[in-house]
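Asker: Copying in the features that TrEMBL gives for the protein in this structure:
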- His71: heme b binding site (BINDING)
- Tyr83: ubiquinone binding site (BINDING)
Amino acid sequence: MYSCAGLIVYQKNQDVEPFQMTARRIHAASSHSTVSSSRAASKHWMGMAPDAYLYPGPLVEYSIAAALTLHGHWGIGQVLTDYVYGDVKVKLAKAGVLLLSTATFFGLCYFNYHDVGLCKAVAMPWQI
């Protein structure tokens with residue numbers, strides 16, 4: 001019998017330790033560092049929207065290309081972590097995500113260099 005915040009928990013098998021998830025264990029998980037990095041980056045990226053409107057140019061456009069690619073890479077990586085099982089499948093999925101992220105970044109850089117750029121492309125529908 002264990003007491004947990006005023007509640008008494010009865011354990012049928014005394015050989016098994018009760019499951020405890022402390023804050024220290026949660027914050028030590030590898031997914032926590034990705035989530036923390038993503039939150040910190042999203043605060044930085046929120047400042048990119050006004051910059052893109054006020055100061056469109058190569059520096060902002062390539063920064064947005066990198067930010068969009070990194071955001072997608074982290075997001076798809078977390079989905080794979082949750083839903084893909086098996087060593088071979090995980091390795092293939094991670095290689096596929098890396099290939100997709102690389103192609104996305106180079107595609108956005110190509111668009112920035114050879115076409116109007118991301119800032120101008122987003123502003124074009126409002127010019128009609």
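The backbone N, Cα and C atoms fix where each Cβ goes, glycine too.
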Asker: Far apart in sequence but close in space: which same-chain residues, 6 or more away, have a Cβ under 8 Å from the residue listed as 'ubiquinone binding site'?
Answerer: none
Asker: Sort out the sequence-distant neighbours of His71 (heme b binding site) for me: same chain, 6+ apart, CB within less than 8 Å of its CB, listed by position.
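Answerer: Correct list: Ser38, Ala41, Ser42, Trp45.
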